[in-house]
């Protein structure tokens, strides 16, 4: 019977101990298991969730974020975006205040709790966008001690009846010197969408905008001028008086501004 080689066994055990000692618990805990992150069961849901969050954020900021006032409109929105909302006040015959309701009824405006009714009165302060209807100029009302133009009251009443408390869509061009948004405005009347500026010209409640600087028409200038010509021919609204007594809103503003400068 041969002698057992205890030295050989002890060498094997020593080798195992050396192998174990080369791995520390700290190294094992700090190691990153990249295989876990690249596993399709983890990677695909993570990518889908991230994409959904980014898309939802962009959608909200571009289309569903409510804009309280004209000064909050980003420059990049002009000529690229439209504003949908309810007309809360018509203070002049060619401009009004709009409460922006992005997304309309699909976004809960008019029925969802918190959006079922719009603010009223003093609660609307600093919450509406002042809109100037593009391409038209209505007779001037009495302001700052200046007398009203003929047909200014009729034009104001017409616009109030046409858009007050109605939902409209404004295709915005720029912000003017009075912090109003110049826009072509559309309103749904029965089953049809109507261009508010165009309808004012048809009724003889406004002229084509005559200022040399800052005029905005979108793609409708030729149409507007043709419609104004037809209203003149038919003596509608402000064209119903004698030609010699007519003064355009632009001429009125120029004359009254000159008179005010003389008095200074």
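Glycine too: its Cβ is placed from the backbone N, Cα and C atoms.
Among the features that Swiss-Prot reports, region 'Disordered' is placed at 1-21.
The compositional bias 'Basic and acidic residues' annotation in Swiss-Prot covers 10-20.
Residues or ranges marked as transmembrane segment in Swiss-Prot (evidence: sequence analysis): 42-60.
Residues or ranges marked as domain 'TNase-like' by Swiss-Prot on the basis of sequence analysis: 81-241. Within the model, the domain 'TNase-like' (81-241) shows a mean pLDDT value of 95, rounded to a whole number.
Close to residue 132 (active site) in the fold, though at least 6 residues off in sequence, lie 94, 95, 176, 178, 180, 181, 182, 183, each with a CB less than 8 Å from its CB. The feature active site is assigned by Swiss-Prot to 132 (among others).
The feature Ca(2+) binding site is assigned by Swiss-Prot to 137, with sequence analysis given as support. Sequence-distant neighbours of residue 137 (Ca(2+) binding site) (same chain, six or more apart, CB under 8 Å from its CB) are 94, 206, 207, 208, 209, 210, 211, 248, 249, 250, listed in sequence order. In the three-state DSSP reading, residue 137 (Ca(2+) binding site) counts as strand.
In sequence order, 146, 148, 149, 152, 249, 252, 253 make up the list of same-chain residues 6 or more apart from residue 140 (active site) whose Cβ falls under 8 Å from its Cβ. The active site feature in Swiss-Prot is assigned to 140 (among others).
In the three-state DSSP scheme, residue 180 (active site) is classed as coil. Annotation source Swiss-Prot lists active site at 180 (among others).
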Surrounding CB atoms that lie within 10 Å of the CB of residue 180 (active site), all protein chains
18
